Amino acid sequence: MRGRILIPLPNTGSMGRKRNNFYMRSIFLLALCIFGLLQYHNFNYLESRDTVLGDAVTNDSDDAILAMVPATLHKYLTPHSRNHSTAAVTGAMGGAPLLLNTSSSGAATATTISFDVYHPPNISEIKRQIVRYNDMQLVLNEDTFGPLQNDSVIIVVQVHTRITYLRHLIVSLAQAQDITKVLLVFSHDYYDEDINDLVQQIDFCKVLQIFYPYSIQTHPHEYPGVDPNDCPRNIKKDQAMIRNCNNALYPDLYGHYREAKFTQTKHHWIWKANRVFNELEVTRFHTGLVLFLEEDHYVAEDFLYLLAMMQKRTKDLCPQCNVLSLGTYLKTFNYYTYHSKVEVMPWVSSKHNMGFAFNRTTWTNIRRCARHFCTYDDYNWDWSLQHVSQQCLQRKLHAMIIKGPRVFHIGECGVHHKNKNCESNQVISKVQHVLKIARTSHQLFPRSLTLTVPSLSKKTKLRKGNGGWGDLRDHELCLNMTLPTR
């Protein structure tokens, strides 16, 4: 059979090199694709974790929220109404009145127990109780946890009327490490016996109640409440002069007259700070930190641990820092990246006014600038404090801030915000879920802190106040409340 005879070409090596180059390029491209897929997977995984932390859909029913709380703390979430009557009791007993055998001889005699309808105290009684509490300065649970140490943390909670949020704050505090060492001070601007009962139930640390004595509740028809002769908010100055209403000469910088419901918060803040640092006997020799919270805050279980760690690290990380901040208003919380990272910057009222702490030295410097605080035409205490920092303090307020927050804002409603559901469980459930994931992934209680360089931001400019604070009566009352009485 005839056919073509295949003659092998001489092997010069070029074919082999091309083949090897092809294999190498293929292997390189394959490795590059695998690396890219791994990076993409890792990126998506981190993003999904952050989404879980920040935007997870959680069950916000009452039962689900209660299930996230240890059973021993359910008592703080259970309302106990004072408005008992005979009808309420008989209803609870299936329609039958509650009977007691009162016969000493054993005869089958029964007496119906009757309950008077609960009547809240009137203004005169409330004033008497406020004076009594403030004079007594009774520290609850001191026999159990011992006296306050000079360097212990004092936590001051400003309380108004939102008892539902306050219940959850108390539950979060109860679960915090080292809470037994603190003094927990509740500063009230509204006297409510249900709130008092709740606070006096606390058994996990020392507790003290103080009551702001110049509230709208106790002065409903006179300054600092609403005097009938006060100038209406929107009346023009010339009309106010004709009417000769109170303080007609002094509208705020926007031409408006005072509103008591807005001025009270700033008065209360400066009063409670002065009360804690300068007037209470239990704090006379205290040199440690005072941490400021509000009734609609919620704390992580390691917040005291982090606060102590931040305080120790100020010497080397931020010698100029005189404020420590544990809170944030961010809607998402990246614990996987920021749980142990801190940054330092000048104190900014709109960013660092939640869960912040300072000591007596810083307070003394602030109090020396009381005139700047009390005459600045802004009804917000935090903007007024920033004005003090920028205009009066020789050593301006400088903050160390934890980037993974340990104090959260759970309040949906307040002075500035009124939502349809002011007792919404949505935010409370979300915070519980965030902290559960942080706990199970070991993102709480870091062993060390790392200082990060904050992104460059524009220098905070001096600005006009928000107004609402032009009334000279407010200036005078505020100044009088910064005078030490010891």
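Glycine residues also receive a Cβ, built from the backbone N, Cα and C atoms like all the rest.
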Cysteine from Cys369, Cys413, Cys422 that TrEMBL links to Cys392 by a disulfide bond: Cys369
Disulphide bridge to Cys231 as given by TrEMBL, partner from Cys205, Cys245: Cys245
TrEMBL annotation, disulfide partner among Cys318, Cys374 for Cys321: Cys318
C-beta crowding around Gln158 (substrate binding site), within 10 angstroms: 22
Listed in sequence order, residues with CB under 8 A of Cys245 (disulfide bond) and six or more positions away: Asn229, Asp230, Cys231, Pro232, Ile235, Tyr257
Cβ neighbours of Cys321 (disulfide bond) where a neighbour is any other Cβ within 10 Å: 23
Euclidean distance between Cα atoms of Asp296 (Mn(2+) binding site) and Arg162 (substrate binding site), Å: 8
Cβ neighbour count within 10 Å of Asp296 (Mn(2+) binding site): 24
Spatially closest candidate among His160, His268, Cys374, Cys392, His409, the listed recorded positions, to Cys321 (disulfide bond) (Cα to Cα): Cys392
